[in-house]
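According to TrEMBL, the active site, charge relay system annotation covers Asp155, His188, Ser341. Sequence annotations record features per position, and here TrEMBL assigns coiled coil to 59-86. The feature domain 'Peptidase S8/S53' is assigned by TrEMBL to 149-389. Sequence annotations record features per position, and here TrEMBL assigns signal peptide to 1-23.
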Amino acid sequence: MNIKKVLASISIIALSYSSVGLTAVNARSNDDLNSETSRKIVVFKQGTSDETRDKVLGVRFASRKIKRLENSRADVLENVSDTEIADLKTNPNVLRVETDAIATIQVRDARETAKGGGGVTIQAQTLPWGISKIQANQVWLSGNTADPIKVGIIDTGISLSHPDLALNIKGSYNAINGRKSANDDNGHGSHVAGIIAALNNTTGSVGVAPKADIYAIKVLNAAGSGYISDIIEGIDWAISKNIKVINMSLGCACDVQSMHAAVIRAKNAGIIVVAAAGNSATDPVIYPAAYPEAIAVSATDSSDQLASWSARGPEVDLSAPGVSIYSTYKGTGYATLSGTSMASPHVAGSAALVLFKNPSWTPDQVIAALESTATDLGIGGFDNLFGFGLVNALAASQ
Ligand code: CA
Ligand code: CA
């Protein structure tokens, strides 16, 4: 959250004599971490050598070590008991021990969709309402289709053989298992990918930035959930590939310091980080969207109303179409889905269009352009429902 936003939210709170926004932020702490997982992220102090780290973990954890996160100075362990956590915390080389929380896709009624998705007959290309709402199709007329801006989709993978996506897929990585492909076994990642960059051809759907280079970064399993440590690895892979925009239509009520550090690393590397605000109107904006370095996106419908279930709060930066969005799905299919998962990629695609126009811009410059040109909705100026307003790809990329 920038200073402008802090001031805006303070004035909103003052005007409404309500402190709901601030209470919500303060109420969140590390105690809210998902307790279902016994996976831990052991972070070592700066300067600790690999050898020392191996020695600290020793034979006791050798069979339970999942992976080493090089850029986080951390090792991920599974089945760690409370006694072992206490032991690790007393080791002079250990900085902290974090819960490797579980993040999930931010789509509504995913199971219902999975049943019906993938079976839609391919027909003449339709222009999804969200694309025309944010005026992305008018950007293409000037020759800007974000070719070849690199966009990383940190998700369940992408259907690598989808006829409406394959030509744009320029790389892939599976952070859950490096020996496996990043093909999408859920459908969610393919849907998100299509909102960003489905091809502008004669069939199916079309994305915001139809010639962007997309990268499938699989961090979530077939059920649509995955560990924070795998998301961190995915973010670091995106940094290593010089990707310019990353979309994370995922999250949880999990403020894990190592994930925040990874988001900061990405922004410092010149990456625009866009994330779903979450699908619960009564809970705070989820992480990683809630981090100040990420663009948090709430969801609107075709009448520019905030979706009743969309998360809201002072961390929301922008809003975008997220109700009944038609896009590509797993296999060669298509599906219509709702969620802040669908809103976030409308902003990620818009960021790619802005970058094509202004290739030397820093993330802060791109974010400022997206926010200052957004269409104000709700009460005048910044508000907790729509942030700075509905993203407008055309105005932002002028
Ligand atoms: Ca198409
Ligand atoms: Ca407003």
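Glycine is no exception: its Cβ is also placed from the backbone N, Cα and C atoms.
Recorded features from TrEMBL, shown on the structure.
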residue	record	CB count, 10 Å
Asp155	active site, charge relay system	31
His188	active site, charge relay system	32
Ser341	active site, charge relay system	34
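Outside the coiled coil (59-86), and at least 6 residues removed from its termini, the chain residues within Cβ reach (under 8 Å) are 38-46, 48, 53, 95, 97, 100, 227, 229, 232-233, 236, 239, 258, 261-262, 265. In the predicted model, the domain 'Peptidase S8/S53' (149-389) shows an average pLDDT of 98.
If you take the Cα of Asp155 (active site, charge relay system) and the Cα of His188 (active site, charge relay system), they are about 7 angstrom apart, rounded to a whole number.
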